[in-house]
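Below you'll find the structure, written out as structure tokens, and then a few comments.
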Amino acid sequence: MAFCYRLDNFIISAFKPKHSNVPLSIHHSSSNFPSFKVQNFPFRVRYNSAIRATSSSSSTPTTIAEPNDIKINSIPTKPIEGQKTGTSGLRKKVKVFKQENYLANWIQALFNSLPPEDYKNGLLVLGGDGRYFNKEAAQIIIKIAAGNGVGKILVGKEGILSTPAVSAVIRKREANGGFIMSASHNPGGPEYDWGIKFNYSSGQPAPESITDKIYGNTLSISEIKIADIPDVDLSNVGVTKFGSFSVEVIDPVSDYLELLETVFDFQLIKSLISRPDFRFTFDAMHAVAGAYATPIFVDKLSASLDSISNGIPLEDFGHGHPDPNLTYAKDLVKIMYAENGPDFGAASDGDGDRNMILGTSFFVTPSDSVAVIAANAKEAIPYFKDSIKGLARSMPTSGALDRVAEKLNLPFFEVPTGWKFFGNLMDAGNLSICGEESFGTGSDHIREKDGIWAVLAWLSIIAHRNKDTKPGEKLVSVSDVVKEHWATYGRNFFSRYDYEECESEGANKMIEYLRELLSKSKPGDKYGSYVLQFADDFTYTDPVDGSVVSKQGVRFVFTDGSRIIYRLSGTGSAGATVRVYIEQFEPDVSKHDVDAQIALKPLIDLALSVSKLKDFTGREKPTVIT
């Protein structure tokens, strides 16, 4: 007879301590935290939050320890398929995570994968992007952490902490690590996506050595250790204690903002934003950045309140897709491309680690963005005034950054997609500024990409370029900065075609076909008017720890520097996303104003033809073009 035990007695929606001797201390909320309302969907907390354990055993849960009045229950469970943990943690549909023990198994498997000294009596951080299921998940994580001997957890108020903020808090508070509840730029809501990942003590995502162990332990897990404590009130800043275990609810903005103020010259940026001839707009996409936009851009930098759009974090992101690109941030694009549009526009994604930068009727590609930031950082950003240790990009990102590194004589690294590869270089003191073509940009101030950091970096550059511009004189614009950069370094025309939620079988067969093609390819082969320099499946050897990562993307590199790259993305929750990257370098300034899709058309046609993408996926056109 299958055993099913529901932990209804201590997973409840209200904060009701079981023991009269449990101390409770609630402090006043920090004034730095913005007033915002997280949208609530109708649900029964008891149903959604209950952890149910299924086992062939008919035994009841056993109390395995009761230190300082905390009862720890050992609940039988069994492995659940499909918990393979990737570069961005575990992402699935909400309904999958709501299956009995699905989340609890993964959290317990994580603790089973860590050395005890990495969490026993230690400090962990917990936060997320405010999406649907975060509130229930937070209570589950807190109780399992307590059950496994964690000493204290810091939780963002209302469970809110952006991914960059989690990294910042881990580093400032010297925590052992932290949980991030997010599916990043993927949609949220009962029918959409949820995700969880773990960051280590440096603030960077857990390495593959740990994520592989987590997956292995999900295949053999037999029990969940969970503390019999009530739900913790996450709506007020303060400390709640249960014996030797405590939960501190913190202002999600203050530590992160304090760090940013050491990186940038806020007075310089404020002098730009407060100019009557400069108009700024930021689209938070109803995601976590909305919790940071008002304290940073309005309260600190004097932007007008109406310059922040979609600034209230919602559990379903306002029925939107919180991915800052030309397709999903179309409202911002429309504003920026309108007649007499703002001078500067930006957007961030679900968990606040990605960004999109726009000028008046001008889109800055992420590849160009990181290159421009790197080229101007020493002059415009105080954090880099003494030195820039090195530059790095993900392999699919255009070579624009390479040219900056070469001109400035800086160390340069090309890594696989995944921020953890940058983190290793940063921890070794080899890297300062890095970026990915997937709208991720950042530096070694933390160990995650950082959307608001990128916005502030761009504002710093524009402010620096205009510090001597008098009222009435034409401001140096975003497009001016980029075009000047192209004139100095040349332009890397770049585009990415995304084919989302393809049938996995067809997508995998396409990659297999391309790998077979690699084995037959040789330098000098002609592909239309392009001559092959080399073709490979990208392999990376980490210069810090010597680890090797293979099969990171099929590359065709031609003698003129043009590239075609094919990858399957691991950040979605369903199906496969096929990504095709096309790049061509153009040194001729007279050709820099050509539309990228026109300049790249011959190479795009070649990319689709060589891969037989339509035959394998059935797709006539991409979901998103960047």
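Every residue gets a Cβ built from N, Cα and C, even glycine.
Note that the structure is predicted; figures quoted are calculated from it, not measured.
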Exercise. Which one of SER184, SER271, SER274, SER529 goes with ARG91, ASP353, ARG354, THR417, GLU436, SER438, LYS449 at the alpha-D-glucose 1,6-bisphosphate site, as Swiss-Prot has it?
Worked result: SER184
For this session: Give the number of CB atoms, excluding that of ASP349 (Mg(2+) binding site) itself, located within 10 Å of its CB.
Result: 34
For this session: Determine, to the nearest whole angstrom, how far the Cα atom of ASP349 (Mg(2+) binding site) is from the Cα atom of GLU436 (alpha-D-glucose 1,6-bisphosphate binding site).
Result: 14
Problem set entry | For ASP351 (Mg(2+) binding site), the one of ARG91, SER184, THR417, GLU436, LYS449 that lies nearest, given that the binding-site residues are compared by Cα | SER184
Seminar exercise, completed: What DSSP gives for ARG91 (alpha-D-glucose 1,6-bisphosphate binding site), in three states, is strand
